[in-house]
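Below is one structure; the comments refer to it alone.
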Amino acid sequence: MSPWPRWHGPAMARLWGLCLLVLGFWRASLACPMSCKCSTTRIWCTEPSPGIVAFPRLEPNSIDPENITEILIANQKRLEIINEDDVEAYVGLKNLTIVDSGLKFVAYKAFLKNGNLRHINFTRNKLTSLSRRHFRHLDLSDLILTGNPFTCSCDIMWLKTLQETKSSPDTQDLYCLNESSKNTPLANLQIPNCGLPSARLAAPNLTVEEGKSVTISCSVGGDPLPTLYWDVGNLVSKHMNETSHTQGSLRITNISSDDSGKQISCVAENLVGEDQDSVNLTVHFAPTITFLESPTSDHHWCIPFTVRGNPKPALQWFYNGAILNESKYICTKIHVTNHTEYHGCLQLDNPTHMNNGDYTLMAKNEYGKDERQISAHFMGRPGVDYETNPNYPEVLYEDWTTPTDIGDTTNKSNEIPSTDVADQTNREHLSVYAVVVIASVVGFCLLVMLLLLKLARHSKFGMKGPASVISNDDDSASPLHHISNGSNTPSSSEGGPDAVIIGMTKIPVIENPQYFGITNSQLKPDTFVQHIKRHNIVLKRELGEGAFGKVFLAECYNLCPEQDKILVAVKTLKDASDNARKDFHREAELLTNLQHEHIVKFYGVCVEGDPLIMVFEYMKHGDLNKFLRAHGPDAVLMAEGNPPTELTQSQMLHIAQQIAAGMVYLASQHFVHRDLATRNCLVGENLLVKIGDFGMSRDVYSTDYYRVGGHTMLPIRWMPPESIMYRKFTTESDVWSLGVVLWEIFTYGKQPWYQLSNNEVIECITQGRVLQRPRTCPQEVYELMLGCWQREPHTRKNIKNIHTLLQNLAKASPVYLDILG
C-alpha cells in the first residue's frame with residue numbers, strides 16, 4: 001500500500017500549520033535587531049545587555065513594518081535619540097513604550113507618519129524638554145511622561161495647559177527642575193511672558209456671490225509671539241495668503257459655489273498651545289437642475305430631481321406648458337437637503353392616463369433660474385389596443401383635467417378633443433365592454449382563490465415540502481430562514497404559494513426569492529432529535545395560545561442527568577394532518593442543530609399520541625419587550641404595587657451584547673431571522689437574554705405588523721428599505737433590525753416610529769430617514785445604530801464587529817444583576 005495517504009487528513013494539516021507558524025517566528029527572529037524579540041505585530045527590546053543604541057529597525061525584505069502595532073523598549077540606557085526617520089516605517093503603530101531608558105531627545109517630525117498612534121509612555125527617561133509639535137497631529141489617548149528631569153521653561157508650559165484642559169495627563173505628578181535645581185510641581189509652574197496665543201477674525205460669517213473675490217483678515221497675539229497660518233480644509237476656489245507678524249490675510253478669487261458652507265480658520269500657534277477663529281463661507285449663486293429623470297413607481301409615483309442653488313430656489317412645475325397647481329394628489333417632496341443641494345421628487349398619488357404628458361421643472365431665485373423637461377407615461381388609455389392601433393393618440397393634451405387638482409377627471413362637453421361624435425361613442429362603448437370583462441375576470445379569480453385557500457390548509461408550521469425550513473411566522477419557535485443552494489421557483493406575487501396560520505386565519509406569506517429549500521444532505525449528519533416520554537411531562541399552567549396550538553409551562557422529568565425535573569415550555573400542535581406531522585419533524589431536526597447560549601434551547605419532541613409536542617427551555621421573565629417596559633421610567637403606570645427597579649445603562653448594554661452574540665451565531669449557521677425584535681427575545685434569570693419565541697407575538701403585538709394586500713404581515717418598522725421594497729432578506733437586513741432592537745432597548749421598549757402610521761413609516765424609511773437618538777443612549781451606541789442603518793446593505797456594520805463593540809462597551813460598564821430580584 002502506498003504511504004501517500006498518511007500525508008493527508010486533519011492531523012497532517014495541523015502539523016503543517018504548526019511548521020508554518022514556527023517558520024514565521026524563526027523568520028521574524030532573524031529580522032530583529034540585537035537584544036530585541038519580534039513577532040508579526042510586536043517588537044520588544046527589554047534585555048539590558050548588550051542593549052540597543054538606536055531605535056530598532058527591521059531588516060529589509062523581512063517582516064512588514066506596516067503590520068507592527070506595538071513597540072516596547074525598556075532598560076536601554078544607551079538609547080538616547082529618536083530621529084525623524086526612525087519610526088516612519090511603522091505606519092500601523094498604536095502603542096509606543098520607552099521606559100527606564102536613556103532617551104534625551106525626540107525629533108520634531110519623528111511621529112509625522114504615525115497617524116494611528118494612540119498610546120505613548122516615556123516614563124523614567126532623561127528628557128529635559130519636549131515640544132507639543134511632536135504630538136499636535138496625533139489623536140492620543142495616553143501620554144505618560146512621569147519621572148523625567150524636565151527643565152522649568154516655557155517649552156513645557158503646554159503640558160501644564162494640557163493638564164488643565166484635558167483628561168490626560170491629569171493623573172500624573174509631573175515636576176520640573178528650577179534654577180535652583182529643585183523639583184517644582186508642574187501644576188504650580190509660573191513662567192513670565194509665556195501664555196496661550198489668540199486669533200481673531202473680523203466677522204464670524206461671510207456671504208459672497210459666485211465668481212466674485214473676497215479677502216479675509218486675521219490678527220493674532222501672544223507671548224511668545226505666535227505663528228499664523230490658515231486652515232482652509234478642502235477649499236476648491238483659488239486662494240493665496242499673506243502674513244506679517246501679527247496680521248494675516250487670505251485672498252479667495254473666482255469663488256466657486258462648491259465652497260458654500262465650508263469653514264475657514266485662522267490659527268495662531270506658539271510653544272504653549274494654539275488658538276483659532278473661524279468664519280463660515282456662504283456663496284450665493286443661480287439655481288441649476290442637475291438631475292431630472294423619468295417617473296419611477298414605488299409606494300407612489302415619483303419624478304425624481306436634484307436642484308442646486310443658494311438662496312434656496314423656489315420650485316414650480318408645469319404640465320403640458322401650463323402651471324401645475326399642486327394638491328394632496330400631486331405635490332413636491334424634498335427628501336434630502338445638503339446646504340445648497342436639494343434632492344426630491346414630484347410625487348403623484350395613483351396617476352392614470354390622464355396624467356401622461358410633459359412635466360417641466362423651473363427653479364428660480366434672485367440670481368437666476370433654470371428649467372428642464374421630462375415626458376412621463378404612467379399608463380395607456382383604457383379600451384385602446386396599442387398593438388393593433390399604434391397610431392391611436394396615447395396622450396391627449398387638451399384640458400381633460402384641471403392642473404389644480406389631478407384627481408378631478410370630469411370631462412367638459414366642449415373640451416372633448418375629437419370632432420367625430422360617432423367615433424367617440426364607439427370608444428365609450430368599447431370602454432364599457434372592457435370594464436365588464438375585467439370585472440368578470442377579477443370576480444372569477446377571487447372565487448378561485450377563496451376555494452384554493454379553503455382546500456389548501458397548511459400545517460401549523462407554515463412549511464411545504466423542502467421549500468420552507470423554519471416558518472417566518474409565529475408558528476415556530478423562531479422565525480429563522482436558512483440560506484442554501486437548492487432550487488426553488490420564487491414567487492414575486494403578494495400572495496405567495498405558502499400559507500401560515502396567524503391568529504385564527506390562514507395568511508399567505510411572500511416567498512422570498514433570495515433563499516431556497518434545504519435538502520436532507522445539508523443537515524448535520526449527526527442530527528438526533530431527542531424523544532421525550534409523555535408521562536415525563538406534567539403541565540402546570542397555560543402561558544398563551546397561537547394559531548398552531550397552546551403553549552404551557554410544564555415540569556419535565558428525566559431530561560437532565562443532574563436534575564430530577566426542570567421547568568420547560570411546551571408547544572402543542574393542534575393540526576395533526578400528515579403534512580403537519582412531516583413539517584413538525586423537519587422543524588425539530590433544524591431546531592436541534594441550533595445550539596447556542598443566546599438561542600432558546602430546544603430539548604426535543606413528544607410524539608406519543610396527540611397532540612404532538614415540542615419542548616423548549618423556559619424563560620422566567622417572558623419576552624424582552626414587556627420586560628423593558630416593566631423596568632422603564634413608565635413602569636409605575638403599569639405596575640401593581642411597588643414598581644420594579646429601572647434598568648441601568650450598563651444593564652441595557654449587557655442585554656444588547658447578548659442579542660448580538662445570538663445573531664453572530666445565526667449568521668455563522670447561514671440563517672436569516674427576518675423578524676428580529678425585542679418581542680421575539682426572551683428573558684431568563686440573572687438578565688440572561690435569548691433569541692426565540694413561541695409563535696404568540698403577532699397576536700399580542702399586532703400593531704407591530706403591517707398588512708400588505710390585506711393578507712401578508714410585515715414588521716416594516718424593523719425592516720430596511722430593500723426588504724420593504726423588494727422583499728430582500730439577508731444577514732445585512734438582520735443587521736438593520738438589530739440596530740432597531742438597540743433603539744428599543746434604550747427607549748425601554750417603545751415602538752419604533754410610534755408617532756407615525758405604517759404608511760408614513762414606509763415613506764420615512766425608503767426616503768432615508770432614521771430614528772432619533774434615545775435620551776438614555778450613549779453617543780457610541782447611537783453611532784453603532786447609524787452603522788446598522790446605512791441605506792446600502794454592503795456598507796452596514798459587520799455583525800461580528802457590532803458584537804465586539806457592544807462587548808467592549810458592556811465590559812467598560814459593569815453590570816449589577818439584582819434587578820430581577
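Positions of Cβ are set from backbone N, Cα and C atoms, glycine also.
What you see is a predicted model, and the numbers here were worked out from it, not measured in a lab.
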Quiz item: Which of these links to Cys218 by a disulfide bond in Swiss-Prot: Cys176, Cys194, Cys266?
Solution: Cys266
Quiz item: Here are some residues: Tyr90, Tyr329, Tyr705, Tyr748. Which is flagged as phosphotyrosine in Swiss-Prot?
Solution: Tyr705
Practice problem: Scan Cys152, Cys154 and flag the one Swiss-Prot records as disulfide-linked to Cys194. | Solution: Cys154
Self-check item: Of the residues Asn280, Asn485, the one that Swiss-Prot lists under N-linked glycosylation site
Solution: Asn280
Quiz item: Just how many other Cβ atoms lie inside 10 Å of the Cβ on Tyr705 (site 'Interaction with SH2D1A')?
Solution: 20
